[in-house]
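Below is one structure, written out as structure tokens, with a few remarks after it.
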Amino acid sequence: NQTSLTEFILLGFGNLPKLQIFLFLVFLLIYFVTIIGNILLVLLVVIDEHLHTPMYFFLGNLSCLETCYTSNILPRMLVNFLTREKRISFNSCLLIFYFFASLACAECYLLSAMSYDRYLAICKPLHYTTLMNVRLCILLAAGSWLCGFLASICTALYASWLTFCGPNEIDHFFCDYTPLLVLSCSETQKTELLTSILASACTMPPFLLTMATYICIIIAILKILSSIGRQKAFSTCSSHLIVVTVFYGTLIAVYTLPKTKALRELNKVLSVFYTILTPMLNLLIYSLRNKKFKEALRKAI
């Protein structure tokens with residue numbers, strides 16, 4: 001008879017024992033910057049009437065999402081840097097994975113909604129206020145959140161039906177799906193196929209839509225006669241594209257590409273980009289480089 005495991009051990013970055021305190025301080029700083037910055041942005045969007053526009057409405061949603069997203073993973077990771085006891089129950093592990101998958105999927109669709117908003121603003125300025133009305137903004141934002149949380153239910157249910165009877169050490173800093181499947185003694189081929197399909201559905205359509213809108217935006221920017229105007233537009237556009245490419249690129253590499261040995265070894269490093277670094281970069285690029293946001297911040301202070 002096989003005994004089913006009820007708890008796991010998150011190995012995290014335990015293979016770097018001399019860097020535990022250093023990594024703790026680095027990730028703690030990232031966590032504080034991300035959380036305080038996102039909460040501040042949401043408050044400013046709510047308080048300042050000048051920020052009651054579609055662009056800042058989506059930014060407020062993105063900040064709420066990334067506050068939840070980061071808080072789902074980083075607190076436990078920080079605790080694990082300082083303690084030897086790194087155990088986590090199966091139910092807690094499953095819950096962390098469900099919220100992570102839901103919020104990651106929601107972010108994909110929300111980023112594509114934001115890129116569509118910028119496309120309308122730059123490529124169709126005369127029709128922008130008519131096309132991007134309050135109703136459409138709410139539908140796009142609500143649809144992004146809803147798609148994320150609904151799409152992840154099937155994957156979480158499949159994971160809850162798996163049996164774990166062997167080693168209980170997860171070689172990751174949070175409860176991700178791929179390291180969990182490696183430990184399962186159940187048949188996982190169908191589960192892996194379902195995960196790949198859902199991951200592709202959550203990443204590829206919004207990624208392709210985002211790329212298509214940015215191509216249209218770049219074409220529109222090239223038509224700007226003023227060289228200073230082109231430079232400013234390209235500066236903002238390139239920053240957005242870098243963040244979007246890093247986020248989608250690492251997600252696609254981890255969840256949709258074939259699980260080769262090289263990718264499994266890089267899994268943990270790539271995960272740092274889309275779980276920890278991207279939320280902070282989004283805050284810095286979408287908000288702190290924005291003139292209206294800076295003005296609103298000065299007024300609030």
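Each residue, glycine too, has its Cβ placed from N, Cα and C.
Marked as transmembrane segment by TrEMBL: 20-47, 54-74, 94-116, 136-159, 207-225, 237-257, 269-288. Annotated domain 'G-protein coupled receptors family 1 profile' per TrEMBL: 37-286, in sequence order.
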Candidates 20-47, 94-116, 136-159, 269-288; stretch with most C-beta pairs under 8 Å toward the transmembrane segment (207-225): 94-116
Segment proximity, the transmembrane segment (136-159) to the transmembrane segment (237-257), 3 or more C-beta pairs under 8 Å: no
Interface present between the transmembrane segment (54-74) and the transmembrane segment (136-159) (three or more C-beta pairs under 8 A): yes
Best-contacting stretch, by C-beta pairs under 8 Å, relative to the transmembrane segment (20-47) and drawn from 54-74, 94-116, 269-288: 54-74
Other parts of the chain folded back onto the transmembrane segment (269-288), taken as Cβ under 8 Å at six or more residues beyond its ends: 27, 30, 33-34, 37-38, 41, 59, 62-63, 66, 69-70, 73-74, 100, 104, 172-174, 176, 239-240, 242-243, 246-247, 250-251, 253-254, 294
Chain residues in Cβ proximity to the transmembrane segment (94-116) (below 8 Å; excluding those fewer than six residues from its ends, i.e. six or more beyond): 55, 58-59, 61-62, 65-66, 68-69, 72-73, 76, 88, 140-141, 143-145, 147-149, 151-153, 155-156, 159-160, 174-177, 180, 202-203, 205-207, 209-210, 213-214, 240, 244, 247-248, 251, 274-275
Taken over the domain 'G-protein coupled receptors family 1 profile' (37-286), the model's mean pLDDT: 84
